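Annotated features in TrEMBL:
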| type | residues | note |
| --- | --- | --- |
| DOMAIN | 2-159 | domain 'Aminopeptidase N-like N-terminal' |
| DOMAIN | 194-397 | domain 'Peptidase M1 membrane alanine aminopeptidase' |
| BINDING | H266, H270, E289 | Zn(2+) binding site |
| ACT_SITE | E267 | active site, proton acceptor |
| SITE | Y351 | site 'Transition state stabilizer' |
| DOMAIN | 519-838 | domain 'ERAP1-like C-terminal' |
Amino acid sequence: TDWLVLHSKRLRIAQAAIEGEGEGEGGRAARDVQVLEHEARKQVALRAAEPLRAGHNYTVSVRYAANLSEAFHGFYKSTYRGQDGELRVLASTHFEPTAARMAFPCFDEPAFKATFSIKIRREPKHLALSNMPLVRTINISASLVEDHFDTSVKMSTYLVAFIVSDFKSVSKITSHGVKISVYTVPDKIHQADYALDAAVKLLDFYEDYFSIPYPLPKQDLAAIPDFESGAMENWGLTTYRESALLYDPATSSASSKLFITMIIAHELAHQWFGNLVTMEWWNDLWLNEGFAKFMEFVSVSVTHPELRVEDYFLGKCFDAMEVDALNSSHPMSTPVEDPAEILEMFDNVSYEKGSCILNMLRDYMTADVFKAGLKQYLQKYSYQNAKNEDLWNTMSKIFFQICPTVGTDESTLEGDNFCRRNQESHSNAHWTKRETLDVRAMMDTWTLQKGFPLVTVTVRGKNVHLQQERYRKEVDSPLPSEYLWHIPLTYVTSKSDIVQRFLMTTKTDVFILPKEVEWIKFNVGMNGYYIVHYEDDGWDRLINLLKENHTAISSNDRASLINNVFQLVRIKKMSISKAFDLTLYLKHETEIMPVFQGMQELIPIYKLMERRDMDDTANQLKEYIVNLFRDLIDRQSWNDDGSVPERMLKHSLLLFACVRGYQPCVDKAQEYFVKWQKSNATLRLPRDVKTAVYAVGAQTPEGWDFLLSKYRLHSFNLEKDEIALALSLSKNNDKLQWLMDQGLRGDIIKTQDLPYIIGFVARNPSGYHLAWRFLKNKWEELVQKFELGSHSIASIVSAVTNQYSLRSQLLEVKDFFNSLDEKSSQLRCVQQAIETIEDNIRWMDRNFEEIETWLQNKKL
C-alpha cells in the first residue's frame, strides 16, 4: 500500500516521513509524505511517494503540536488552589475509549497492542509520571529537563498515561515486591494513607487469586483535581477523582471508606481484566467492566471483611434491571461503530449487569471451578485480545476438565451431571437437571440478548410449575416469543433452608418437592439475574412470613422480595395495595439492605406525586414512610459508633428523616448546626450525621451562606459533596440556579461535579423545572465539556427527566431532543428517558387512586 491511516484528533501535523529499513544509514534518507486529514473520522492518511513493500519494516515519524484539552479527555489541563489560594496548573491524560488520538497519532483501537517508549520534557519544579518507572533524567537547559521512562509492556493505546504536576507521594512495597505509591496535590498528602494500605492489600490479593504476577515494577495511584469519571485503570498509573482516593479518618464517612476501597479494587482488577487481557473491540466492553465490577466484591470481601461489601451486591443488580427492563436497553455484547456509541457502552448494562451475570455463573459453577476458569482464560490470552465466546469456551473446557462426564448413566452422574469433587464442601452444588451443562450455550442467553427473565412459580401440592418470559415495562405491546434463558434457579422452602438448585432451559418446566411446603422463595440471596412472581396465594404466604417471622429468610432475600413485588406492579402482575401491604413489615426491619430497598421503592413514588403538584397525597406517603422507620430513626445514635453497615444506615436514615421534616431529627440537627456555626466550624461533627446537620442548616439564608463559605475552603475538600447536597436542598430558586451556573463556570464548584449538582437540583421539588431549563439552555456547552454519549450526559438527562409523569412533560422532552441534531436525539439515554416518562404516566394513571385509598385506610 502507499497509504497509512492513523487516528488523529485536533493535532496540527507539521510534517511526516516514512523511512525504510537501512535507508537512514547512508542509504536514502527518510522521505516526507503527503498528509491528508479526515476531520469527521478523526483520521489522517500519510501517502508515500511509492508503495510500501509487504514484509519490510518502516519507521514513521510525525512532527505535530496541539493545545492541552479543555475537557476531561485527551492530554488535558487541570487546576487547583493551594492553601495559599494560588492557582496551580497540571496536565494529565485520560484516553479511554478514543482519546489517545488527541495526544499522539496512533492506531487508536484496543486490538492494536504495542509497546510505548515515553520521554517528557518539563521544568525542574515539576514531576512527570507515566505507566513505567523513570529510567533517567537528562538536563536540557537550566530551565528544562527530560525524563526517560522504561519501555512499556505490550498494551492498548487507551491505557497509555502521563502526568506533569507538582504532586507529592507516599509509598509502600507489597509482599510480592511491587512498589505502590499514592500521588496527590501537596496539601492533601496526609489523606493518602488509607488508599495506600488498601492498594497494597488488594494488589497482593489479586496476584494470589489469579496466580499471575503483576507484570510491572510499580503501581501508582494519582488523585487528579479535575476528573470526569470515578477512576481510570491506566497500566501502572491509575488515576482517580480526589473523592475516590483521599480519605481522612477524622472526617470521612463510612460510605466514603466503602466507595474508595471498591474503586481501588476495581482499577487494580483491571490490571488483569482489561490491561493484560483486553476485549478485541468495544462491543465486548463488559469483559473489562463487568469483571472489574464483580472482582470489587470478590476481593474486598476478603481484604476488608469489616466493610461487609457482599451486602450491597444485589443493589447493583436492581440498578441494572432498572434500565435493562426498557426496550431501549441493549445486549451486554452489542455492535458499536463510532466514538459516541462506544462511550454509551459505559453504562449499567456493561458494569452492573456484567457483574451480576458473573456472580450468577460463579454460584452455578462453584467458586473454585469458576476461579480455575478465570486463571486459564487470563493465562491463555495474556497480552492479547479476547471476545465474549473465548471466555465461555475456556469456562466450558475447565468445567469438563474438573467435572468429567463419566458415560451417561444417571447413577454415575448422580442424576445431575454436576460433578461433586468434594461432597462435604459442595453439598449445595446439586443442580437438578438432566442435560449436559454447556456454559457457552447458557451464557450466550444472558450476553447476546437484552433484558432478563420473569419466572412465574405456581405451587400445586408437591408440584412446582415454572414458566419464563422476558420482563418488560411496556406491557401492552406485542413481544417476540424467541426470548429464552438458561436460568440457574435456586430456592429455599419452609421445610428446608438448604439451597436447592434447578437449571431451567425451556419455556415451561416442572419439578416435584419431597413434601408439601407452606412457602417457597426462589433466587436465594438474589444471586440470579431474574425476578420471580408467585401465582395463586404464593405472595400472600410470603407477605405473611415477613409479618410473622421476617428473619426466617436472609436480609438479601427480604430486599429482593421488596424489589420484585414493586417490579411486578409495573407490569400489572400485582396490585399496588399488595405491594404496600408487604412494606408494612418494615416497621420491624433493622438490616441495611431491606431498609434501603424499601426507601428505594417508596421515595420515588412521592417524588412522582410532587412533580404533579399532588401535595396532599405526597405528604401522606412521606408521613407513612417516616412512620414505617420511626422506631429505627429514633434508635440511631448521633455519634461515630457502629459497624460500617450500621453507620451507613444511620447516615441514610437521619438524612431522610431531617429532609422530610421529622421534628425530633430536625431539632437535633439544628442544635448541632448552631453549635458548629458558633465554633466557626472548628467543632468536629460526627462523621455519618454531618450530612443531615448540613441539610437542616442550609434551610436558612445565613446557614446556606455559612456552608458555602466552608465549601470554598481548602480544609473542607473531603466534605464538598455533602455540603453541595445540602446547598441544593434550598427552596430559593436563585440559589439553586447559582449552583448550576457555578458548576458550569468551574471556579468555585468544579465542572466535574456539575452532573451531581444538576441531579441534586432536579430532585428538589423547588428546583426540578430549573434543572430542565438549564439542560435545554446549556446543552451545547454540556456536550462540549462532557462529550456526546458519555455517562455524565446520560446521568444528567436521566436525573432531570426520570420523575416526570405528565403527558405535557413527555411532549416537551420529545420536542426538545427532536430539535437537536440526529446524533443527540438518537442517544440511548434520550430513548431511555422517553420510555421512563411513558412508563411513569402509565404507572400513575393505574395506581395513584389506589395508593390514595390505601393510605387513608391503613394507619401504622
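Even glycines carry a Cβ here, placed using N, Cα and C.
Note that the structure is predicted; figures quoted are calculated from it, not measured.
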Around the Cβ of E289 (Zn(2+) binding site), how many other Cβ atoms lie within 10 Å? Please give the count over every shown protein chain.
25
Could you give the Cα-Cα distance between E289 (Zn(2+) binding site) and the residue listed as 'active site, proton acceptor', in whole Å?
10
Give me the count of other Cβ atoms within 10 A of the Cβ belonging to Y351 (site 'Transition state stabilizer').
25
Would you mind reading off the Cα separation of Y351 (site 'Transition state stabilizer') from H266 (Zn(2+) binding site), to the nearest angstrom?
11
Would you list the other residues of this chain near Zn(2+) - those whose C-beta lies within 8 angstroms of the C-beta centroid of H266, H270, E289 - in sequence order?
E233, E267, A269, F273, G274, N288, F291, A292, K293, M295, E296, Y351
Proximal but sequence-remote residues of the same chain as H270 (Zn(2+) binding site) (Cβ under 8 Å, at least 6 apart):
E233, T238, N288, A292
For H266 (Zn(2+) binding site), nearby residues of its own chain (Cβ under 8 Å, 6 or more apart in sequence):
A231, E233, A292, K293, M295, E296
Average pLDDT across the domain 'ERAP1-like C-terminal' (519-838)?
96
With Cβ-Cβ distance below 8 Å and at least 6 positions apart along the chain, what are the contacts of E267 (active site, proton acceptor)? List them in sequence order.
L221, A231, M232, E233, T238, Y240, A292
